[in-house]
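Inspection log for the structure reproduced underneath, given as structure tokens.
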Amino acid sequence: MQGTNPPTATGGAPLLSLRGIDKSFGPVQVLHGVDLDVRAGEVTALVGDNGAGKSTLVKCIAGIYTTDAGEYFFEGRRVQVHGPRDTAELGIEVVYQDLALCDNLDIVQNMFLGREEKKGVLLDEPTMEEMARQTLASLSVRTVRSVRQLVSSLSGGQRQTVAIAKAVLWNSKVVLLDEPTAALGVAQTRQVLDLVRRLADNGLGVVLISHNLNDVFEVADNITALYLGRAAATVRTKDVTSSQVVELITAGRSGDMGIIDTSATAAV
Amino acid sequence: MSATPDSPTRNGDVAATAAKGPQDESARIAELARATASGGSPMAQPAEEPTFGEGIRAYITRLKGGDIGALPAALGLVVLFVLFAALRPDTFLTPINIANLMVQASSIIVLAMGLTFVLLLGDIDLSAGVAGGASAAVMALVMNDAGLGWYLSIPAALLTGLAFGTLIGMFVARVGIPSFVVTLAFFLGIQGITLWLIGEGGTIPVRDQVVVNIANGNVPVGLGWVFAVLAAAAYALITLGRWNSQRRRGLNRDNFILVVLRVVGVAVVLLGLTAVLSQNRARVPGIELAGVPYSVPIIGVLLVLLSIVLGRTAYGRHVYAVGGNAEAARRAGINVTRIRISVFMIGSTLAAFSGIIEASRLNSVAPGSGGGNTLLLGVGAAVIGGTSLFGGKGKVTNAVIGGLVIATITNGLGLMGQRAFVNFLVTGAVLLLAAAVDAISRRRRASASS
């Protein structure tokens, strides 16, 4: 792994680049020199088996974990990330699996939670509602009827939609989605995948963490497979088959792709 | 979720429509045209005003979904009024009894307003009643022993409450003891403080005219009318102004007729109450006793102020958020610890104010002030009014309606000459009923969302 080289990649300069990320928890090294590129307008899928380090990598990107080694580039500049506030300022938003919505608040209130628009000391509800409506309209959301519904009345897919809309409300540039379709039915998965695609079409860099290869092949432009804490390979979705990706996930390699040095995996 | 060509699609789904066959082809084309022209989202068009029927149906849907709010309490209040008016036609609906009822309800309502903040976080403050008693004792001592006026003794009492609340909040939010245990300890400890301040068997009289007037004085009739008309007009202006701005900006809003009905309802209640309380209610001929008791406008001001805090400020929004999902609130950057401490501070300060009103009503403070069933009446008022014991749901208005229900039960049973044990039994049963309604509607909310 070449730690210090600036990111080079195919298909335009990446919005977000990680180079040689190491992360250990005590004696256990979870990430070994991971590289990752996220480009504007593309969906990058992050796949890997349980324990491959997907969630750890996401939390490193989000600034929740500090990395032990490696470099973090944003829009070509090297940046230091010390916490979630830093990444939020850069325009990186994470939609976690458990969504973190308040059931007792409505959609607008949830989308602006903690960042309310104010007029003096009072809340500026009309402006917030307008901005929420514009955001949902820009994502062509057709499944939400009224932005003044309580979140408790929404279906799983609608909740996911609200959580994603909340993430893009702040002109964010990169959105990370942690298993957005894990708990959804067929129709709702469809809606959310459409939404994921639209995020990228609107020019955002999207990272999709998923176990479901059907979803990945449907919306992702690139796939980065993690294998035991290493980035086994980053491939264009159109260049690979599903079974090749399965091999990358389960064995770390497939044909001439993947980790060549098998002794490295033995050390884990 | 199909879209028909003539009705504006709110929930349209191209895929679903496409699957339905050729007869829906024109609908599908219309839908696709709309989708490509406007981004396909109903959010791209201004929100429409619901019709009267839609407004009513939406309300019924909310009720069925377990979001019942103050409806049972409001209905209960009407039933109680009808019941007691029928059973005691000569006494219950007389102006003097209505005035009594309002004064009796005042301290319960203020206590319940404070408890609403604590309950919104799913916590409980068992010490609120005795905190009010101890604060009133401090007030009485500052007035009598130190000889200072109400302008110093009332703030001293409120600060006492604030101090109790801050300590409770620290123990709950910083140390991490469940609020039930912390406030149970304070319930015992504060009674000790009151006893120590007043001395066993002693009673401190409250003679300061301003303090006595809170519960015993009346607003001059003319001024009372001015207040009532101004309040009704202000409510109408603000409500209609907000509705108009929502309409202009194409935002979600209620049906206009329903808004007008609400404005009229508030005006009728305000002016009707003023009319009843402005009649001469002196039992002795030749003496004029009329006007709205001072505690009523005081509660009105508190109601408006606290409703603004909870409903229209970021702080209030954060209180609801922490009560609904503390983890989500934390991730949104809200300081959950600070919010938790603050609700106990507000709760105990309002409890102190409730203690002042009670001391004013009784003209004295005793070691037992705020003990007994005071707290349970306060919690009962909040919960009967529709504030959830599980957190995240409730309003200050609920405390007012619930407090009136509790006071009406006490007042009506008293007029019927029932003995105290009946009062306890009935109030306990009503509290249990309200908590059951709360628990069941919570279950409905949970099942409605899955």
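All residue numbers here begin at 1 and follow the chain in the order shown.
Cβ atoms here come from the backbone N, Cα and C positions, even for glycine.
According to TrEMBL, the feature compositional bias 'Polar residues' maps to B:1-10. Taken from TrEMBL, the feature region 'Disordered' applies to B:1-26. Residues annotated as transmembrane segment in TrEMBL: B:68-87, B:99-121, B:126-144, B:150-173, B:180-199, B:219-243, B:255-277, B:289-310, B:339-357, B:369-389, B:396-414, B:420-440.
Within its own chain, the transmembrane segment (B:420-440) is flanked in space by residues 66, 68, 72-73, 76, 373, 376-377, 379-380, 383-384, 386, 388-390, 402, 405-406, 409-410, 413-414, which lie at least six positions past its ends and keep a Cβ under 8 Å from the stretch. Tallying C-beta pairs under 8 angstroms between the transmembrane segment (B:396-414) and each of B:126-144, B:289-310, B:339-357 places B:289-310 first. At the 8 Å Cβ threshold, with sequence separation of at least 6, the transmembrane segment (B:68-87) comes into contact with the transmembrane segment (B:369-389) through 3 or more pairs. By the Cβ criterion (under 8 Å, sequence separation of 6 or more), the transmembrane segment (B:289-310) is not in contact with the transmembrane segment (B:126-144), since fewer than 3 such pairs are found. Proximity of distant same-chain residues to the transmembrane segment (B:126-144), defined by a Cβ-Cβ separation under 8 Å and at least 6 residues beyond the stretch ends, is recorded for 107, 111, 114-115, 118, 150, 152-154, 156-158, 160-161, 164-165, 168, 180, 183-184, 186-187, 189-191, 193-194, 197-198, 204-208, 211, 347-348, 351-356, 358-359, 364-365, 368-372, 374-375, 378.
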